[in-house]
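Okay, so here's the structure we're looking at.
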Amino acid sequence: MSDSNHNKPDNHLQITTSSSLLALLFIAVLTVTLLIYWPGLSGTFLFDDFPNLSILSHLDQHDTYNRVVQFTLSGSSGPTGRPISLFSFMLNDNAWPSDPWAFKYTNLMIHLLNGVLIFTFVRKLLITLNQNIVRAELVAMIATAFWLLQPLNISTVLYVIQRMTELSALFNLILLISYLYAREYLARSENRGLILLTVSMMLLVPLSIFSKENGALIFFYLLATEQAVLSQHKYNSLIKFKTWKLAFIVIPALLIIAYLIYYGIKTPATSFNRDFSFQQRLLTESRIMFDYLGRIIVPRLGDGGLFHDDYTISTSLTNPLSTLFSLLAIVCLLFSIFVFRRKAPLYSFAVAWFFSGHLIESTVIPLELYFEHRNYLPMVGPLIAISYYATNFSKSHKYTTSILIVGLLLTSIFSTYQNSKIWGDPLLASQIWASEHPSSIRSRQAAASFAVLNNDYAEAERQLRLGISYNPDDVSLKLQMLLVQCATKTLTSDEIESFKNTIKFAKYSHASTSSLIQLSQLVSKGRCKPLNTNDMVMIYLRAIENPGFQSHKTQHMLYYWLGQTFADQRNLSSAMEALDKAHAFQPVIDIPLLQAIWLSSAGLYDDSLQYISVARKMDNRAKNPLLKHSKRRDIDNLEQLIIKAQQKHNKILQ
């Protein structure tokens with residue numbers, strides 16, 4: 001094998017000394033990682049943290065088991081609900097609001113643990129390739145140092161909800177290490193080796209997938225490892241092992257590819273209220289792949305952070321022209337996997353690994369286009385190859401190579417430390433991100449939000465007006481402007497009427513629905529004059545008619561808050577009708593309970609008890625058996641209160 005090092009093994013003393021020195025250097029890398037991330041731990045919760053963690057405030061406060069089960073199974077971030085990740089958050093706190101420091105600290109500890117696992121995996125992989133221990137440990141340490149200190153990982157480690165990404169990677173790394181050791185055991189006993197492989201897969205694949213769906217990419221990581229690196233290994237001739245690989249790796253990988261193709265055909269991106277079509281997404285992602293790779297290989301000192309919703313969309317192969325070059329380059333890279341599989345297996349491994357790692361989030365599923373955290377595990381492959389080939393030069397190049405490696409590591413340390421300090425100061429971070437991404441809607445919203453928290457309403461208005469100037473058709477920025485004007489008491493009737501006309505044909509955005517809720521809450525408390533409940537009813541009715549707001553989840557939210565607005569007007573009939581429609585779009589047990597409270601307050605006790613019956617049936621028929629009867633205490637207590645109120649009412653009438 002061309003990449004193998006066939007030098008004579010060092011003697012035991014040399015190996016021990018070198019390994020000890022590398023161990024000290026590795027501890028130093030872990031320590032530096034801890035220190036440069038430390039300033040970022042003082043940051044706050046951000047964006048998706050709130051909808052995922054605020055559920056803690058609505059859980060059963062009497063029964064700890066119920067509270068844990070309810071939160072763990074409450075996830076809506078993906079098809080699995082990601083219960084492993086949600087459970088891990090309860091280890092930090094089981095109440096809300098909470099202190100973000102502990103959550104971020106836990107994320108950092110997981111990141112360091114993942115670094116140890118990457119070192120272990122790379123070391124074992126290279127030893128399997130017949131590299132001597134010192135060489136394997138040196139490459140493993142360099143690759144791990146590049147990964148631990150990589151600025152791209154900031155938005156995974158310091159963004160609390162991205163623990164989902166970290167945990168999925170953690171279980172995948174444990175499985176990869178287990179796989180290499182179990183594979184080696186095949187030489188002693190094929191049957192026992194296969195049992196170890198099977199147990200590892202059956203245990204760790206579900207843990208990874210139920211942390212985040214990206215865990216399913218483990219089959220592709222294993223394929224990349226097998227076909228690019230281990231394809232000539234002696235164990236491949238074992239018939240049972242060949243059959244095992246077909247059943248446990250190849251077939252699952254093919255099923256995932258088939259699903260993605262089917263999903264892409266049946267579910268175009270336009271149906272998910274995105275600003276790009278299915279074809280535009282694929283074209284744009286081809287350019288984004290090289291943006292990611294460039295930032296992995298040469299860390300940048302700026303242009304990081306959470307907000308990349310301003311990324312230029314590719315509308316055709318030649319608009320922009322870089323789209324065509326990117327697609328051609330991807331085709332060449334994928335072809336090169338097979339060309340160099342024998343001559344340079346670690347190169348082929350790196351290319352296959354990187355693109356495999358982006359199969360779910362960067363292809364047909366209509367997610368947002370660009371997020372740094374998507375590279376958390378995919379970057380490992382390229383970093384292994386870079387570290388290996390960088391240490392493979394002849395002696396005449398060692399000095400130059402060493403300077404280059406140290407220079408890149410120092411750049412990573414400086415950049416990550418600077419970014420960490422920024423993440424630790426949310427107001428400063430929002431201002432920097434808005435300046436780096438001036439046309440980003442989210443960056444302007446964040447800058448305005450943190451300005452409001454700092455009581456700087458003039459700055460909030462400035463940021464929103466700049467955002468609107470770049471995005472004149474965006475309704476979420478205009479909604480946030482209304483919220484600021486509510487606070488400053490500068491809202492006018494003309495602006496209210498203008499917004500009513502805008503909302504009917506506005507493009508959908510998640511931020512617009514959350515801002516509508518905030519607006520409703522202010523109006524309900526009389527804190528947004530001259531906007532009143534009649535205006536809010538009209539706004540909700542026009543939003544309900546908007547073609548871009550037709551998803552079941554959005555219609556559920558709109559009808560729910562329309563019902564709340566009618567309730568503020570003491571219009572019980574309309575409020576009940578709106579909540580019935582909200583429940584029809586998305587059945588939620590809290591809706592019939594709320595309706596029961598409203599009806600009971602109006603003295604309609606029999607009708608109220610009918611809605612209690614609806615809630616009880618839902619509680620008994622929960623699809624997840626662990627959630628059955630989780631609301632029984634709340635239902636029983638409310639039912640008893642209604643019955644007592646009814647009895648008291650009947651006594652008065654007598």
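Yeah, the Cβs are placed from backbone N, Cα and C, and that goes for glycine too.
No curator has checked TrEMBL annotations; they are predicted automatically.
Features of the protein shown, as given by TrEMBL:
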type	residues	note
TRANSMEM	21-40	transmembrane segment
TRANSMEM	108-126	transmembrane segment
TRANSMEM	138-161	transmembrane segment
TRANSMEM	167-182	transmembrane segment
TRANSMEM	194-210	transmembrane segment
TRANSMEM	244-265	transmembrane segment
TRANSMEM	321-340	transmembrane segment
TRANSMEM	347-370	transmembrane segment
TRANSMEM	399-417	transmembrane segment
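The list of residues near the transmembrane segment (108-126) in space but at least 6 beyond its ends in sequence, with Cβ under 8 angstroms from a Cβ of it, reads 26, 29-30, 33-34, 37, 41, 135-137, 139-141, 143-144, 147-148, 153, 156-157, 163, 166-167, 169-170, 173-174, 176-177, 180-181, 225, 229, 380, 384, 387-388. Using a cut-off of 8 Å between Cβ atoms, the transmembrane segment (399-417) and the transmembrane segment (138-161) share at least three residue pairs, counting only pairs 6 or more apart in sequence. Cβ atoms under 8 Å from those of the transmembrane segment (244-265) belong to residues 194, 197-198, 201, 216, 219-220, 222-223, 226, 278, 359-360, 363-365 of the same chain, restricted to positions at least 6 beyond its ends.
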